[in-house]
Structure formats: C-alpha cells, structure tokens
Amino acid sequence: MNIKKVGIFLVISSFLLISNGASAAEDNSRYFVKTNSTFWKKSFNARHVFSGGFTADLTDFQLKLTKVFNIEIEPVRRLSILEPKGKSALRPVPTESVPWGVKAIYDDKNLLKSSGGAEATVAVLDTGIVKHPDLKNRIKDCKDFSSPARALVEGKCDDKNGHGTHVAGIIASDGGDDGKGIFGVAPETSLYAYKVCSNTGTCWADDVAAAIRTAADSGANIINLSLGSDAQSLLISDAVAYAVEKGVLVVAAAGNDGPYQGSIDFPAQDANVIAVGAIDSLFIVPDWSSRGANETTVSYVVEEKDIEFAAPGVNVESTWKDGGYVTLSGTSMSAPHVSGLAAKLWQKDSLTPSLSTRELLQKFASDILPLGDDDMSGFGLPQL
Ligand SMILES: [Ca+2]
Ligand SMILES: [Ca+2]
Ligand SMILES: [Ca+2]
C-alpha cells in the first residue's frame, strides 16, 4: 500500500464504522468480494463466506473503495421462484384428499391415502412454509436465509408468498390431525423449511448456496429447488457439488420457458441436479415446460442441460399460506412430486443412498411421448 492509499485508508476506516449499518439490500447491490481479508469482511459486513471470498451488500461508497483498493468483485446473481402458470381461488377444504398428481406417481387412480417417506428428510428451499394443519407435524427445522439484515435467522420460515407452502404440501402433506386435509406423495417424511426467497419470490444466489450447504451439513437427504434463472451461478454449482459429494439428492424444476430446445433453467441444467419438466393429467407436456438438450446428447445418460423426468405440473392442488388450498401450474409443482417419490423410495441401506435412489427413479420412469429419452420429459414419469 503506498502513502496516498494509506491516507485514504485512514479516512475511510473511520467512515466505514458509520456507514456499515446503512448497507441495505437494494437492487443489484450484492457482490461477491474476492478477498479473504478479515478487515474487508468486517468493513463490508460480510454476509456469507465462501472459498475465495465473501458476499456483501455494498453501498456506492463501498463500491468505490473496492476500486481504490483493487479488490475484485462480481455481482451475485438472483434467481426466482418459477412463476406459476395460473392460480385458482383459495378453498377452505381440498377438492380431493389425494390430488391427481399423487395418484399418477402411485400409478393408482383409486388411491385413497398416500404413505411413506419416514426414512428421509427433504429440505425445501423456497419462500418458507406456513404451519398449515397438513404440514405442521412434518416441519422439523425452520430457518430464514433471506432476511436483508441477517444472513441466517433460526426458527423463522413463515411463508407470506404461498409458493413454498404449496411445494411442501406436494411432497409431504399428511392430511392433518383429523385426516380431512390433503395428502402429498410422502406424508411421513420430515421437512426442513429453509426460506431462501423473499416474499415476492426473488432469491439471492449466495443465500441459496448457503442454504444448500447448511442442508447438507444438517443431514438432509433430498433438496427441492423449485426456483431458477437463465444464467449459471458458480456459488450454487459449487454448493450443489458439495451437497452431492455428501450424498444428497438435489431436485430442481426445469423452468417454465418452453417450448424452445435448451430453455431449461439453472440449476436444473446442472448434470448433478435432477431436472423435472411438467405433464398434465393426460400425460402431455405443456408448451411452457422448459425443454432440455436431450436429443443432442447421449440417450438415457444424464448430461448437462438434459431434462431427467417429467411429473405432474398442471392444475396441481396443494396447501396454501392461509391454511386452505389452491391449484397451481408450473414446473415448480413437478419437482416436488419427484422429491416426494425419492423420499418414499429412499435407499437408506445402500452404500450410496442418493445414487441408488436416483437409479431407482430412472428405472421406474414410464415413457412419456415422444418415444424414448426426449427434450421434454427425459426418462419419463417415475411411478411406483
Ligand atoms: Ca440436470
Ligand atoms: Ca443425455
Ligand atoms: Ca419419451
């Protein structure tokens, strides 16, 4: 550091102490700061520390400092919950106790009650989960990674959006204490409710990455990501690789950007992540379900940008934030059908439970037209 820089440094050091608390999470204000310096972590009020640096919400003044001191930064990407394609009115009681999608997964049109999932824990990284009567006994942990003020708030995961509650209900709703509610795919499974998206449905990549790592470190077996974006985030790719290495199965919605080839969202396009597209009750893939690159890659081998499965994603009824039920469409609804089935089939006695479970899902997949491994539905619909 030269004399001039030391001078500036001394002036700003005192100023930083004043300006520190004012760094609010405004649009595009979050950066990955590529230094491990304790001084800068403190000065910039580091949010999450990763290898090679930390993230922080930077004010204009702090941004100028990074230039003065030649500290490399890059903007942190934002993802979002996948915008539902249509939503019904709120109902106080469900239309059906076992929705069509759960029946399709069980391959049983007359199913009266679902079961299973007790061997697995599913982390739902979303807008939170409310203590809906059909979910309150399933939620075993609750954390908020989305607060602008604090990187992690324990015991808080309230869902003012509704999306996370809907996704969680598809996986694990258990009919409630009176059994008159709705049933998800795996009603005995445990849920970690990790709020990573704001109430409007936007999710910072560093918060998602931190939650993926926390889920893996806390014993989650499956992570459901009904969120995405068009561009890759290395923070998330690294976190997914870390979780997969620890034996976690990561499932993500393919996206609602179809019907164009390769319209699959990130992180679903990651080969480590199970990408799930949508089908309707006639087992037809809707136009809006994102497409993979399967037809240009090796058939029945999951590579980057491949769709792996298709699952119910049109007119799916599930739990909602106000304690009732709504019907939504989107690949956000498809991914949790596969996460729920993975929980139900969880191969806990295998040496590699997540790999064995993924292989079983592939083995159990029924082809969806067109024939074979295709851009829309990959291996097909996994069914019992
Ligand atoms: Ca994938
Ligand atoms: Ca392939
Ligand atoms: Ca097919």
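Here, residue 1 is simply the first one shown, and the rest follow in order.
The backbone N, Cα and C atoms fix where each Cβ goes, and this holds for glycine too.
According to TrEMBL, the features are:
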type     : residues : note
ACT_SITE : ASP126   : active site, charge relay system
ACT_SITE : HIS163   : active site, charge relay system
ACT_SITE : SER332   : active site, charge relay system
DOMAIN   : 118-380  : domain 'Peptidase S8/S53'
SIGNAL   : 1-24     : signal peptide
Original post:
Can you tell which of ASP126, HIS163, SER332 has the most other C-beta atoms within 10 Å, given these are the active-site residues?
Top reply: SER332
Subject >> Length of the line joining the Cα atoms of ASP126 (active site, charge relay system) and HIS163 (active site, charge relay system), in Å >> reply: 7
Original post:
Averaged over the domain 'Peptidase S8/S53' (118-380), what pLDDT does the prediction give?
Top reply: 97
Subject >> SER332 (active site, charge relay system) and HIS163 (active site, charge relay system), distance between Cα atoms, whole Å >> reply: 9
**OP:** Determine, from DSSP, whether ASP126 (active site, charge relay system) sits in helix, strand or coil.
**Re:** strand
